[in-house]
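Q: Okay, handing you the structure first.
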Amino acid sequence: MIFKFSQKALVALYLVVGLAEAVPSKSRVVSRASTFDYNGIVRGVNIGGWLVLEPWITPSIFDNAGDAAVDEWTLTATLGQDQAKAVLSQHWSTFITQDDFQQIAQAGMNHVRIPIGYWAVSSLPDEPYVDGQLEYLDNAISWAREAGLKVVIDLHGAPGSQNGFDNSGRKGPIAWQQGDTVSQTVDAFRALAERYLPQSDVVTAIEALNEPNIPGGVSEAGLRDYYNQIADVVRQIDPGTSVFLSDGFLSTESWNGFKTGEDVVMDTHHYEMFDNYLISLDIDGHVKSACDFGKQIEGSDKPVVVGEWSGAVTDCTKHLNGKGVSTRYQGEYANNVKYGDCANTTQGSVADLSDQERTDTRRFIEAQLDAYEGKNGWLFWTWKTEGAPGWDMQDLLANGVFPSPLTDRQFPNQCA
């Protein structure tokens, strides 16, 4: 789900340079038959940590499995097929239910983005993963239909790992684009598309691949070729479905001219805790950074949705940098500078935050909402956690920190 390496600083360089030419911020895609027009505004949330596990979202699952379980691959390998299937089935059936979708709709949102791994549809030899996720994804589509929500299906993990992050299913070296991994990914994507794109009243978009890591070694030319293959698959099945394309941790405007006008939407992610400079900012600096990012994405010649972002400004959440990995904020990881204390923010509820922390979080969230709606909207990461203040929209809403209604502002015009 998230950017977890120091090369975020490289990406920041792309975002602070001025645009060489002005590009209209509301460039339109071609006329479409879809039930959602992505020239408009997306307001939604990710259903993270459900069908693709992440240690920081559900730390209890990983902590109960022992030290070796650091991602879904090692979790299932450690538990074995039978126990892993039992543990995950219990999680899938209880962590997210129809009531969550009703709450999301009642909060005023129009979209959910649902991550799914290739292993849910394409079992490969000698891999420990268990399947069974599609039954729950089927349920989610039905729940979204009843709630009046649109769905972006997000291929979140590819064979070999496209980014080396635990959210790809397997933490470690990036092996995607080696051997048959790209063709295997296309096969998995096609299986998802054939199953879900016919439900175009609800599934209005599908994402080619989450966070392929170009700064980390993924070939940009190879990624563009993969995107072309994916677009062909979608057009063969349902030409009315939009395709979300990750920017690969490059600037969105670096993709200008690529598949422009072809019903594609750029997906960019913005976090301010995985980089030593950004994590050092005070709240005024975080607000300015978010507003500046919103101005930068206006340079894209395609619709842009900020498909992941949060209210957090530190990396204090337990396991956020990886299971058992310490924090930048307290000077324990990737630097020797201490920026602050993680007291009350490692685990718990938004209610446990100080009044000032809640106020600052509200300011930061409002600034991002305004910034991202300057282009084509947003999908917050994530709906629910086991206790990660700043990341848990359900908890933020319940404690009055996430705006309700979504247009309510206690701190108006921050990006003016």
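The backbone N, Cα and C atoms fix where each Cβ goes, and this holds for glycine too.
Under the heading active site, proton donor, Swiss-Prot lists Glu211. Among the features that Swiss-Prot reports, disulfide bond is placed at Cys291-Cys415, Cys316-Cys342. Sequence annotations record features per position, and here Swiss-Prot assigns N-linked glycosylation site to Asn344. Annotated signal peptide per Swiss-Prot: 1-22, in sequence order.
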Q: Using Cα-Cα distances with a 10 Å cut-off, which of the recorded positions Glu211, Cys291, Cys415 are near Cys316 (disulfide bond)?
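A: Those close enough: none at all.
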Q: Spatially, which candidate from the recorded positions Glu211, Cys342, Asn344 is nearest to Cys291 (disulfide bond), comparing Cα atoms?
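A: Nearest listed residue in space: Glu211.
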Q: Long-range same-chain neighbours of the residue listed as 'N-linked glycosylation site', Cβ under 8 Å, sequence gap at least 6?
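A: Residues satisfying the criterion: Asp352, Leu353, Ser354, Glu357, Pro389.
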Q: Round to the nearest Å and give the CA-to-CA distance linking Cys415 (disulfide bond) with Glu211 (active site, proton donor).
A: 27
Q: Could you state the whole-number distance in Å separating the C-alpha atoms of Glu211 (active site, proton donor) and Cys342 (disulfide bond)?
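A: With distance taken Cα to Cα, Cys342 (disulfide bond) is 27 Å from Glu211 (active site, proton donor).
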Q: Per 10 Å Cβ neighbour count, which of the disulfide-bonded residues Cys291, Cys342, Cys415 ranks highest?
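A: Ranked by Cβ atoms within 10 Å, first place goes to Cys415.
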